[in-house]
Amino acid sequence: LDLDGKNQRRLVAGVGSSILLDFHFREEGVYWADKHTGVIYKATLRGAHKQKLYSSDRHISGLAVDWIWNSVYWTSQEKGKIKRMDLNGKNERTLLRHLTQPSSVVVDPINRFLFWLSGGMTRSIQRSDATGQMKTTLIKIAEQLKALSIDREAKRLFWVQFGLQGESAIASCDYNGNALHFIDQSQSLGISVFLEHIYYTDAASRVIKQVNKYTGGEPLDVNIKRMAKPPTDIKVVHPLNQPQADSLSPFPGCDKQSGNCVNVCSNVAEQGVCQCSEGFALNKQGTYCEDVNECAHWNHGCSLGCENIPGSYFCTCPKGYALLPDRKTCQEIIPCEGNMTECGQGCLTTDEGYVCVCPEGSILQEDGQSCTGCSSADTGGCSQLCTPVTPSRWQCGCLSGYQLHQDGKRCIATGPPPYLLVANLVDVRRINPDGTEDQTLVEEPRGTIIALDYDPVQNNVYFASTSRKTIERIDLNGGSRDIVVSEDLNSPEGLAIDWVHRRMYWTDKSQSAIDCSTLVGLNRETIVSKGLEKPRGIAVHPLAKKLFWTDIGAQPVVESASLEGKARSVIASTNLVSPSGLAIDFTEDRLFWCDQQRGLVETAALDGSDRRILLENQVGRPFDLAVFEDSLWISDREHQQLRSVHKRTGNKLQHIHGNMVQPASIVVVHPLAKPGADVCLHLNGGCPQVCESKLGFAHCSCLSQYILSADGKSCLPADATNGTAESGDNESPDLTTLKGTEPALFTDKMVSDQNECYSLRCDVNAQCLLHSGSPTCSCLEGFIGDGQLCVGEGLNCGFEEFVNFENGKSFGLLKVTNHFSPFVLDIDECQLGTHNCKKNTECQNTLGKYLCKCQAGYQSNGQTCQALLTVTTRHHNSNSVESCPSTHESYCLYEGVCFYFPEMESYACNCVSGYMGERCQFSDLEWWELQQAEEEKRRNVVIAACMVVLISLLSIAACVTYCYGTQKKSIYMGFIKIIIENHSPNKILGMCCYVYPHTQYVTVCAGVCTAVMVYNISCLVFSLLDTGNTGQHR
């Protein structure tokens, strides 16, 4: 079938209804396999005669033709194998075994890669080289995977994935499993990529469809006439889909990964000579090199055991024995004697004397006592990962985000170059790791800045001043300083930012406490105070949920606890005088601290084990530390300078920067310096639509039917026509038409699970799962909540304990302690009805607070919600509203849509979900905080006014009372006490008589009292007012 749907004809008949397909363009051959019978056939396009190549493997699940090295590859799903053979059906052999339901194998002969789908409980896409070596998993996907295809020009893989309800999507990634991209699509069983299009089979409509591989969109039918049977597999035949390699190796036809072959023939019919490297030998046909199993030939020379590896071998020994320096002879391990006390694994006896035994995976160094290798303290000289190849050889590797240096040992962080932030008592400086380019970020001539840290999500620097008794923050890119905490601070000398759980911790030496709060200073709480004397340095490990600090009191100690201050544990308590600074190496999970009085730098594991001295008497008075890559930076307050040293060996001590007043805290700024940061939390990572945080970087992408602009700052409609986007039903809706609602930035139907998950906006600590065809947010392990809000178990910093039960249901901030761990839920003010959202707003609950969002048809001006005007554009033949000119493209912030009202000569913005304000300048949280601030301001004004009125009234009352009192006469108090003895001497009868002037009334009270209480009888005292006469008062 031609690509335009014409010239359809039958090539081979009677092949069955369940086959796999591939072709060889240069030979004009087509290859197919019957999945049920396990027979592989071949036919030429010039003739319909078919040839059986292979017929001994049932349930074939994938077929691929290597047109350069002339091989056929196939997968066996039930046996878990990948096999290969020559194009003539000979030399069949197994490349890979013990795979999990492999299927849909594809090959890139130029780059010598095999790719296939892996089934089972965890579906994935895997890769190996053409010889079956270097197997790796590229990507793991929860959905069912089918129909893998390859774009060899773009070096990308395309596949079809099915959800639980049968919905499907076409997805793609690069050869390393990165740059994931989704395209919404209907049911398809086979796909093939050619140039910028994807061709796929649609079993339901029995047609071949074509769709753009970049943007997706509405598919086009290639064949107008329905096929007689549902199509299964499909391949686009063109020389671009099977390109010939320009030069596969320094010698024509050489396979780099099989040995140093000279003029090796890729075709058996041609002549040539192949020379293999040591450890390899030519196969019988002389077309490629095979590994020689030296252990099977008994020519290895090992005294006891032998293990073969590709191209070589190594000798092994049983338990209790070790290899001599010749690496072949095994000898029994004996206890060491004499000066061999440093040997921890025992010794061996040689002609030269005793030698140390190294652990498996390490070798003895030239000194005869120390070992090097993956199992030794120096990890074989590798910065991060060390993989043993043989007992005497290993290979270094790096973690994600790092690249291996040319020396094969060091790991260098990718991305922008790192730099240091240093608290210098009177300022905060930005300095390169080598001490160059000194730049001042904050100046505080009267301040005493000792502690600092930074938040990689919002790019803010937090610093504490002991003289001003404040904690402030400032943007790394410049801006105004904001005071975060200013109350009840005495001596904040340590500061740590939890960039994952969005908390701030600090030590206060004068108050002997460790406090925490949110990053804006709210919900403050003291989490550690008992047993503290003078806490100074502090560091947080959000991924391990650990807090570390030093105490320089009478009993100096380095301690740790959970993030809520519980489960305290002593890291180090001996041989300490004044432990000050702390630093965490997140790549190795090790803790570093320094002792200011002893001039000591030590390191240990996070639980305090494996404690070692790194530096001693080489740094004057170390105050703080910072670690990144292979370097450790130290602030020396005695010499007012910064120093650097190798973090593992303590060697290469360098002076990198001087001319400082008094260097204190140090932090390293780099996306990898604080792993686990979700940069998409702040302003969506700067992305216009979809943001994905990977290794501290924001990766932007667009929703279906949109493409990312060249600058990466906006998403454009895929098929832009007069500013509108083509929809699925061939209509062109104007995306800027409001009609009383917010603009539809999301398509009505998104088959791709990732697109649906994006619209849910799951919490950063949640994942999106598909249940019954609908995506839901589910909190990750260690977090609890409803998925859109997930709180770490046990993190109660800044929360109150509150339980409210209503009709058997619990609401609000609920703290429950069980046998496992305490956990905290947020108060839902919206559900409880305790919010104060005003008219035309709706309540939306958030962590620890709530937001008042404008209802549909209303827009915020920063204070209230006002009704939106029904707006139309010139596309609908209305002159009342126009699109903004190019000069006002940036008038509306955060992807808001700008409109111009000619009659009023004014501009307006229609904000996307999550933003509001005249120019969409406020996020929901910022707008809510602004409203709360205004409400607080009004409340304070009312309280102040009431106080003024109250004080005025009291003053007036005091004046009136004083003036009225000057007219009073003396007060006469008359008591007539009549004591009459009753039957008992301890009893009296008391009587009080009150005489009221100008009246004829006399009030008498009497009672029986004890003699002791006679003077405490409570009688009313009445002031007799002077009437101006000198009458008798009684």
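Glycine residues also receive a Cβ, built from the backbone N, Cα and C atoms like all the rest.
Unlike curated records, TrEMBL annotations are generated automatically.
DSSP places the residues of the repeat 'LDL-receptor class B' (70-111) in helix, strand and coil in these numbers: 0 helix, 23 strand, 19 coil. Feature annotation from TrEMBL assigns repeat 'LDL-receptor class B' to 70-111 (among others).
The repeat 'LDL-receptor class B' feature in TrEMBL is assigned to 459-501 (among others). Same-chain residues lying 6+ beyond the ends of the repeat 'LDL-receptor class B' (459-501) with a Cβ under 8 Å from its Cβ atoms: 421, 423, 428, 441-442, 444, 446-453, 507-511, 517, 519-521, 524, 535-540, 542-543, 547, 549-550, 563, 665, 669, 674, 676-678, 682, 792, 795.
Residues or ranges marked as repeat 'LDL-receptor class B' by TrEMBL: 502-544 (among others). Per-class residue totals from DSSP over the repeat 'LDL-receptor class B' (502-544), listed helix then strand then coil: 0 helix, 23 strand, 20 coil.
Beyond the ends of the repeat 'LDL-receptor class B' (545-588), by six or more residues, the same chain brings 384, 399, 494, 496, 498, 501, 503, 505, 507, 509, 514, 527-528, 532-539, 594-598, 602, 604, 606-608, 611, 622-627, 632, 635, 647, 665-666, 673-675, 782, 792, 794-797, 822 to within a C-beta distance below 8 angstroms of the stretch. For 545-588 (among others), the entry in TrEMBL reads repeat 'LDL-receptor class B'.
According to DSSP, the repeat 'LDL-receptor class B' (589-631) comprises 0 helix, 25 strand, 18 coil. TrEMBL lists 589-631 (among others) with the feature repeat 'LDL-receptor class B'.
If you look up TrEMBL, you'll see 753-791 (among others) marked as domain 'EGF-like'.
If you look up TrEMBL, you'll see 826-866 (among others) marked as domain 'EGF-like'.
The domain 'EGF-like' annotation in TrEMBL covers 880-921 (among others).
Residue environment of Cys909 (disulfide bond) contains 22 other Cβ atoms, counted within 10 Å of its Cβ in all protein chains. If you look up TrEMBL, you'll see Cys892-Cys909 (among others) marked as disulfide bond.
What TrEMBL records for Cys911-Cys920 (among others) is disulfide bond.
Residues annotated as transmembrane segment in TrEMBL: 941-964 (among others).
The feature transmembrane segment is assigned by TrEMBL to 1001-1025 (among others).
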Query: Between Cys920 (disulfide bond) and Cys892 (disulfide bond), how far is it from one CA atom to the other, in Å?
result: 6
Cβ neighbour count within 10 Å of Cys911 (disulfide bond): 25
Message: I'd like to know the mean pLDDT over the repeat 'LDL-receptor class B' (502-544).
response: 93
Statement: Across every protein chain in view, the count of C-beta atoms other than its own within 10 A of the C-beta of Cys920 (disulfide bond) is 23
- prompt: In whole Å, how far is Cys892 (disulfide bond) from Cys911 (disulfide bond) when you measure between their Cα atoms?
  reply: 8
